[in-house]
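Record features, source TrEMBL:
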type	residues	note
BINDING	33-40, 150-153, VAL179, 187-190	ATP binding site
ACT_SITE	HIS40	active site, proton donor
BINDING	GLN64, GLN156	(R)-pantoate binding site
BINDING	GLN64	beta-alanine binding site
Amino acid sequence: MIMICRTKQQLREALENKRKQKPGLTTGFVPTMGYLHEGHASLIRRSVAECDLTVLSIFVNPLQFGPNEDFDRYPRDEQRDLALAEASGADIAFLPTVEEMYPTKPLTSITVDVVTDRLCGASRPGHFDGVGVVVSKLFNLVQPQRAYFGMKDAQQVAVIRRMTDDLDMPIKIVPCDIVREPDGLALSSRNVYLSAEERSQALVLSQSLAKAKSIGETAGKTVQGLIDEVSNHIRESQLADIDYVELLAYPNLTPLAPNQLLLETPGELLLAVAVKFGRTRLIDNRILSFSEVTIDV
Ligand code: PAF
């Protein structure tokens, strides 16, 4: 049976008991905002496979939503979430209220510079500061050895890795593969907002990312050339309203020169897109590398 903790005190006691029963046990942590899907389940299962104890948190964190974003209408379904968490093997679920997490407005901020300059860091001001505060608080409460994050939020993974490194938090950040619907759409709690027409047009994201590798392997293709082709492909969907299409060095998320030739760009690159369909903003990405490719002459 999954154990449900709603207060920090309950969570601390539950963890203390488990750790007393089995000294030295390893704790894996899966922080979420709920409305769980198969992507979350895959994080839980990975933690269960790698750790003695798996803690899941479900908390829609107001600090990481902008004033015109979807905090109020963010989907919530506690009973379904708990059933899925239990079926995936989680041992403890922590479901605090906003008042429990933030009895007073935090005066402490966590800002990870540089990695947040682009992508969602640029288009959602303050978002990653809110993520930094809540993830730090959750890490302090759960004290896991390992924490599992989905690569759909590749920038979030980079931010949290940098935060844990900079602040000497003894936690291994484990990035996990994006989980997709059979037709390619990346799983997201926000997919539920999409109308049938938006849902079908949103396939353009995974389709354009899938094409990017072969486009980039074309001789003479530059960074900007790839961004333009991917953007044009996305624009073929009438309902798509592009927020960004960016290609950055991975994992540092530093910009590349627009005229840089892809076949001469070493290492891994992150091609990331954020696109609105109606009121729903979706993100997706793919890690690419081009430099090992040999050109037949
Ligand atoms: O990825 C999310 O769901 C959230 O940003 C997180 C990490 C749970 C923090 O609120």
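Backbone N, Cα and C define each Cβ position, glycine as well.
Automatic prediction, not curation, is the source of TrEMBL annotations.
Features as recorded by TrEMBL, highlighted on the structure.
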residue : record                    : CB count, 10 Å
MET33   : ATP binding site          : 19
LEU36   : ATP binding site          : 25
GLY39   : ATP binding site          : 20
HIS40   : active site, proton donor : 27
GLN64   : (R)-pantoate binding site : 21
MET151  : ATP binding site          : 18
GLN156  : (R)-pantoate binding site : 25
VAL179  : ATP binding site          : 18
SER189  : ATP binding site          : 19
Looking at the binding-site residues MET33, VAL179, SER189, which have a C-beta within less than 6 Å of some atom in ligand 1?
MET33
Given the recorded positions HIS40, GLN64, GLN156, state which is nearest to SER189 (ATP binding site) when distance is taken between Cα atoms.
HIS40
DSSP state at SER189 (ATP binding site), helix/strand/coil
helix
GLN156 ((R)-pantoate binding site) and GLY39 (ATP binding site), Cα-Cα, nearest whole angstrom:
15
Alpha-carbon spacing, VAL179 (ATP binding site) to HIS40 (active site, proton donor), which is rounded to whole Å
9
Secondary-structure category, per DSSP, in which MET33 (ATP binding site) falls:
coil
Whole-number Å distance separating the Cα atoms of GLN156 ((R)-pantoate binding site) and the residue listed as 'active site, proton donor' is 15
